[in-house]
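If you check Swiss-Prot, you get these features:
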BINDING   31, 32, 33, 34, 35, 80, 81, 110, 133, 167, 283, 307  NAD(+) binding site
ACT_SITE  112  active site, N6-AMP-lysine intermediate
BINDING   401, 404, 419, 424  Zn(2+) binding site
DOMAIN    587-671  domain 'BRCT'
């Protein structure tokens, strides 16, 4: 019969095996020996459940099913980093540092792991709690799921009570295996390892998290000063002595030239790593100098993240397809041999227009270089002409629309070819998708696949038909059950009460965006007033130029538009502006009157569009760039160059919470 001493001995042995294998990558035993000792441990725990502690290696395999994720407050905020995109940005950062603390400085440079920021709390050396970064102040409790990561020790080498920060991630090989399994099971594939890691750590079933083979690198303590060290580099060394996994590829740099060399080295070597990185993090090494530099609302002034330029990858151009947009513009799209770019698999990319294809001499069958603009949108950069075999085919735009066969035209001062047939089915379908979108009529449950079904089965021919759909007809569609149909019909009904600007934007009048639609709705109050307005009246309104005014007059001169509006009226769709009018609001309510506000980074409680609409409703103007005329910058998480410029110009910087304090208390935002 086993005694407790043997049980505790097994825990220590298995912990050491895990440290050797997962942390320092130096396995000291065969898998069979590890498994044999784990089975011995499990048998003892089955016989003596009262001995089991949260630090037991058996807890790493998962099994606990969680009810949800509690909120966790970070005692020390988990700040995000400002971004640098070139040497000029880094030189500006370096200048600000030197202006404040002098020239006796060094930077600790570390790989920027592309994963999920987390915090680990240890109490008397034992793992107590793990949490996500969240908004930097409040995160989610993912203690059980982080426990399944084998490289996170359940006990430190010393009995410290500390909060450690790091990046949880999914290695490339684990990501590939996971997607292979999901493909075999007919499940949706993860776009990239970062999304897979984040999704794994938010699983309520910890067994799923345990099966995902996640890893972690630790890079900071909430307050390194508490550990008796004077530099960040010494702090990282101490983390290693505690048994925590720290990335080995860090380097202490004594000049910007050394920083540039480190960046250049890892720009070239990043593809060979077993995990994704998306940049390099610079940290002022001296902790006292860090304290002198201080922090902004969202980021430390003593650290910055250099983001790698967009990755360029070669692949084969298999074909060029033509897509018809809602305004009739014909856009050529490259069909590519699937290739991995910046963390996702790319098989299609925009070619923009015929002139660009001709200018770049892009041919079907070419080997082409592609990248993601802003690491998001795939685009073809150029053909690699030296790889041509002679079988490649030059591309020529057709003379007729691929959807309705109408003759294509090129309007004055436009490079794009356009189908001007108002009954073109492709334009109508794209227009319907736009009409139901969030910024327009915001009809939930009416995605592209449902619209395509409705259109192909002749249940709708224009946007007005949406409001006359019956439950019986909707139930006949694929993947539309009783609950889905009920929710969809309720959403359609609710959309009838939208204020006029939502309808105006949804109608897709050429050149009229969401902001102009709001200005028109406020000025004219009703659709009837707007549709008889002349060009002179329209151009007298802020945000409405001559080109837009011409487009509006032309739109409402169309008899088919009059018929459409009558159908929408018959369906009960509101055609009046129901929002607040500036002239009816007091000075106290117009808290942003005459103010220019810039939004940057990710907001947690508000969408970017909601924040913009609320600021504008209170008299403010939302701009896309920071200048001396900017009054306030609202910075969410991962704010970049706009935040840095605001700091440079000494413009007031608000957090999202600061913004919410100035907004009317709608929807519990101020709770």
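Yeah, the Cβs are placed from backbone N, Cα and C, and that goes for glycine too.
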- prompt: Secondary structure at residue 419 (Zn(2+) binding site) (DSSP, helix/strand/coil)?
  reply: strand
- prompt: In whole Å, how far is residue 419 (Zn(2+) binding site) from residue 35 (NAD(+) binding site) when you measure between their Cα atoms?
  reply: 67
Message: Under a three-state reading of DSSP, tell me whether residue 33 (NAD(+) binding site) is helix, strand or coil.
response: helix
- prompt: In the same chain, outside 401, 404, 419, 424, whose C-beta lies within 8 angstroms of the Cβ mean position for the Zn(2+) site?
  reply: 324, 328, 402, 403, 405, 406, 408, 421, 425, 426, 427
- prompt: How many other Cβ atoms sit within 10 Å of the Cβ of residue 401 (Zn(2+) binding site)?
  reply: 23
Query: Of the binding-site residues 81, 133, 424, which one sits closest to residue 112 (active site, N6-AMP-lysine intermediate) when you measure Cα to Cα?
result: 81
Cα proximity to residue 424 (Zn(2+) binding site), best match among binding-site residues 33, 133, 283: 133
- request: Take the C-alpha atoms of residue 133 (NAD(+) binding site) and residue 404 (Zn(2+) binding site) and report the distance between them in angstrom, rounded.
  value: 51
- prompt: How many other Cβ atoms are found within 10 Å of the Cβ atom of residue 35 (NAD(+) binding site), counting all protein chains shown?
  reply: 11
Message: Averaging the per-residue pLDDT over the domain 'BRCT' (587-671), what integer do you get?
response: 75
Query: For residue 419 (Zn(2+) binding site), which of the binding-site residues 33, 81, 283 has the nearest Cα in space?
result: 81
Tally of residues which DSSP labels helix, strand or coil - the domain 'BRCT' (587-671): 24 helix, 16 strand, 45 coil
- prompt: Going by C-alpha distance, which of the binding-site residues 33, 81, 283 is nearest to residue 404 (Zn(2+) binding site)?
  reply: 81
- prompt: Which residues does residue 283 (NAD(+) binding site) neighbour through Cβ under 8 Å, counting only same-chain ones at least six apart?
  reply: 107, 108, 109, 110, 232, 290, 302, 303
- prompt: Roughly how many Å separate the Cα of residue 33 (NAD(+) binding site) from that of residue 401 (Zn(2+) binding site), to the nearest whole number?
  reply: 68
Message: Using Cβ atoms only, which residues of the same chain lie under 8 Å from residue 81 (NAD(+) binding site) while being at least 6 residues apart in sequence?
response: 281, 299, 300, 303, 304, 305
